[in-house]
Amino acid sequence: MAFSMASTATSASFASRRGGAMGSRVRARTVSAARVVAPRRAGLRVVAEDFPKPAQISNTDNYREGAALSQKFKDLKDMGEKKKVVIVGGGLSGLACAKYLVDAGHEPIVLEGRDVLGGKVSAWQDKDGDWIETGLHIFFGAYPNMMNLFAELDIEDRLQWKVHKMIFAMQELPGEFTSFDFVKGIPAPLNFGLAILMNQKMLTLPEKLQTAPPLIPMLIEGQDFIDEQDELSVLDFMRKYGMPERINEEVFISMAKALDFIDPDKLSMTVVLTAMNRFLNETDGLQMAFLDGNQPDRLCAPMVDHIKARGGDVKLKQRVKEFVLNDDGSVKHLKMVSGEEIVADEYVSAVPVDIMKRMLPKQWSTMPFFHQIQELEGIPVINIHLWFDRKLQNVDHLCFSRSPLLSVYADMSTTCKEYYDEEKSMLELVFAPCSPIAGGKTNWIAKSNQEIVDATMLELERLFPLEIGPGSPDGVGAKLLKHAVVKTPRSVYAAIPGRNKYRPSQATPISNFTLAGDWTSQKFLGSMEGAVLAGKLAAEVVTDKAVYGASTKGLKKIMPDVIQEAKTLSAKEPVGAIDGESAVAYGAGAVMTETEEKELAAIDPEQMVKLDAYSAAPAR
């Protein structure tokens, strides 16, 4: 995909101040494809280029499986009874569910409590008109249902594909970066192995060879082996199979924080193996793309247009108070905060797991199926936006910071067309882990936005020692013009060891109620791909019931300990909808005000407990 806009995003590689072998450091490069070259201070040139859609993305079993499911909805369109389906939650999962239900000829109505769609990919504009995003979202080639969705909506040109590589900050060499470079034309899994072998800066050859054998069962046994490792943390797995300790420092810390905002000693190895299995088995699986603009306009809006054009609807500011049930436990109607009652044939919950736990009806609370979700909870994460008075040396890509405080980051003024700025940088950074549940020793959710920004700037002095802070030529460096700190107290479900088995199926024991959301059971875990797939699977449950009278996949097996424990439970009234209209009430992210912090303290007290083990050491 070549740039076609007049004012297009530009890309500058981190200028290497020392030489290096192939794959060792990211260096300034020249390109012959479509590009933009802009003058830069001190003779540095900014080179811009997007890459075509990777050739092998559509040539995988997972992509074909996703395409077949999409086709199934169209094939069943004129079969069975047309259903009115109310979907609670307008995130990616709820919108995907509605999209595939209209494809099957049903009438979905999405009810979103906020004034913005997208859930964990929502975004909004500040008083200056700049977009604030809930998270830094990257699209991988190994997202087959997402890739199918983009193709079906005819918006593939909105993905800005980047060069096939992974870029890491070098802890021991401030200001220097290294990369895994994937050679074009080399198929998986050889391309992944070659990328690691060519890198001479992160692991020694003996360490690389020692790392490979424990991963062989993953390739041979597949998902069965992967699922069996859920009881082990990443560190547990490493030590059980004799992997070198440095693989944790060099790779797994970055992977864990990028995948689930959590440290390796807290993260289930199933998550890492699931990702690696996709990347090792799909040639273009690890190639990354940025959306060319804000998520509500560039991704959610086309989904809404598709839904409405085929008879569905999407409504904002629709706050559900409770599920009202019939005597047999099925859903009678939704009672709204406004007092309105909404009746449908089928009901789908596409809200985050923590919100579903609050809304769980009394009659369902002792059922093993619903009791198991008490084992799941969302993990906190913070997304930071920093606007600077000048253009920093940057790369047109995602960067793994390998910082104790930061996960990944990108200069969005370079990577994204809509946010493009030749003169000034806007960094978007994921701050993780940010709480004890994620492995952190400091509860950053409870800290002020300014404290978080101050800590981030100290880390950036290390990442950009010649551009930020006292190490810069003028002794001051780039000036921070403004910032936005988006806290999501409960984001994707915490994938700590032993939790995967408690994720419920989309089909439920309730005759007219279905679950969606990335926390429900599907093979792509807590991610944008997982959200889309879960919504798609929920739509399949509803469609199958309309055509065949029952879900074709049935219920996921429930663990014996859950069944036994449920026998001793007393039914509990639902906590219900949260009083208040802030994003916190919907499990979403926000630049939190004092009022929202008080609201969070009332509904989720542990999030605001002061815990501080952070020491602001000066950058070196």
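Placed from the backbone N, Cα and C atoms, the Cβ positions cover glycine too.
Of all Cβ atoms in the shown protein chains, 21 besides its own fall within 10 Å of the Cβ of VAL320 (FAD binding site). If you look up TrEMBL, you'll see SER93, VAL320 marked as FAD binding site.
According to TrEMBL, the domain 'Amine oxidase' annotation covers 92-542. Per-residue confidence over the domain 'Amine oxidase' (92-542) averages 93 (mean pLDDT, predicted model).
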Using all protein chains in view, find how many other C-beta atoms are within 10 Å of the C-beta of SER93 (FAD binding site).
35
